[in-house]
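A.B. asks: Pasting the feature list from Swiss-Prot:
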TRANSMEM  11-31  transmembrane segment
TRANSMEM  35-55  transmembrane segment
TRANSMEM  65-85  transmembrane segment
TRANSMEM  117-137  transmembrane segment
TRANSMEM  156-176  transmembrane segment
TRANSMEM  178-198  transmembrane segment
TRANSMEM  203-223  transmembrane segment
TRANSMEM  230-250  transmembrane segment
TRANSMEM  325-345  transmembrane segment
TRANSMEM  361-381  transmembrane segment
Amino acid sequence: MRISKASLVRPGANEVYGIFALALSLFVFAYSARFGQVSILAYYGLWLPLVLVDYRKVLGNYASYLWIFAFTIFACITIFWSAAPSLSLRTGIQYLSHVVCALIAMRTIDIRTLTRGMIAGAAIVLLYSLLFGTYHYDPLDGTYSFVGAFASKNQLGFYASLGIYFAFAAVFVLGEKGLWMGAAGGAGLLAAYCLLTSQSATSVLTTAAVIGLCLGMRAITALRPASRKLLFIAASVFGGVAAVAMIYAGGVDLILGAFGKDSTLTGRTYLWQQGIEAAKVSPLVGVGYQAYWVQGFSEAERLWEEFYIGSRAGFHFHNTFIEAVVETGLIGLILLTMVLVTAFFGQLKRLLSEDRDPESMVLFGVGALLFVRAFVEIDILTPYHVGSFLLYFTAGKLTIPRRRRAATLLWPAGLDPAPYGRTFGPMIPRPGDSR
């Protein structure tokens, strides 16, 4: 049987290849530190050769991506004033090529293939961690936690969060049945187990918040587009007031206490303070992309020692915005935040304006997860990370024009509601039709 090369780059027609490529990409993102450069080359080999099949279709119009590449280009430019220019050059090029791969995936992968690939990839990553993982002692809070095959429980927790979210999206948004419904259920249970064993409060709280938000948006989008915005605004105002009331009532300390944390977030607030002080050294353009946490630099060495980081690597300020302003200054912070905010609110706008759009529903949840985690992690700031891959995938989808469909009923009279991602074909008789 001959398979057309064009089917490799046609969304929906390349499902098998797309699932394989996404699953292997996630494995590389998770464990490239273990398997080295060979795994990175395999990642490039999955996406870059697709350009040779049909470069116009795969690359699209890069003029529409200028706002997406703005931070990436600026990160590369920081080599001219970087405290570690060779490191900034290497990591800047890596980040740029990583963004290109994410945009190629965006052009060639549809939302159902993305969801299935993420489920498969998360399951493989978590199974590997269960088979070859270890426990880690945290000297700051005096506890042991399962970190899997990662260096941090928060990374294990992030992949578990993705497994839970995409399993939820597969069943409740895309309406998967049969084999993939079972796969989503199994992957979701595996991810939930890993999330609990990791004891990552960040991942547990953000996962619960995003799932709750998506359920709320699922209810809002059951209305016609004209009514959604008013209900969303009302719900947002109510949620904001409730959040403020909870903070003043001590609800935050109560929640943190349930996870064995205090108001310092296990030293995060001290790290944030140190990051803000470091940003004052070069507030406009920063010290250079990836040029702060460098062995031999006094401030980095001091913080590694204070937080018992014996490897003297893989550490950060646990806040995307602070990390960005330290490395790339206010200019870089604005450019990166522009991509993150546009990805989140752009998908939200589509969700509130269009009829039953499963792609926007799934990507809105992805944007929400990355946006919330940005305040406590740096998932989108480094190359070969699943967070940055998903960010640019989500942002890139906004550059593809949408075909406006005629307004339809939510579901025909006398029939059960369809899953969120399913639509009714034209053969369904209209009410009163005699055929």
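Backbone N, Cα and C define each Cβ position, glycine as well.
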A.B. asks: With pairs restricted to those 6 or more apart in sequence, evaluate whether the transmembrane segment (230-250) and the transmembrane segment (325-345) have 3+ C-beta pairs under 8 Å.
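C.D. replies: Answer no: the transmembrane segment (230-250) and the transmembrane segment (325-345) share fewer than 3 Cβ pairs below 8 Å.
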A.B. asks: Quick one: do the transmembrane segment (178-198) and the transmembrane segment (117-137) reach 3+ CB pairs under 8 Å, ignoring pairs fewer than 6 apart in sequence?
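C.D. replies: Counting Cβ pairs under 8 Å, at least 3, so yes.
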A.B. asks: Apart from its near flanks, which chain residues at least 6 from the ends of the transmembrane segment (117-137) lie with a Cβ under 8 angstroms of it?
C.D. replies: 18-27, 30-31, 109, 143-150, 152-153, 156, 159-160, 162-163, 166-167, 170, 180, 183-184, 186-187, 190-191, 194
A.B. asks: Six or more residues out from either end of the transmembrane segment (361-381), which same-chain residues have a Cβ under 8 Å from its Cβ atoms?
C.D. replies: 111, 114-115, 154, 158, 161-162, 165-166, 169, 173-174, 202, 206-207, 209-210, 213-214, 217-218, 221, 265, 268, 316-321, 323-324, 327, 336, 340-341, 343-344, 347-348, 351, 387-388, 390-391, 393-394, 397, 420-421
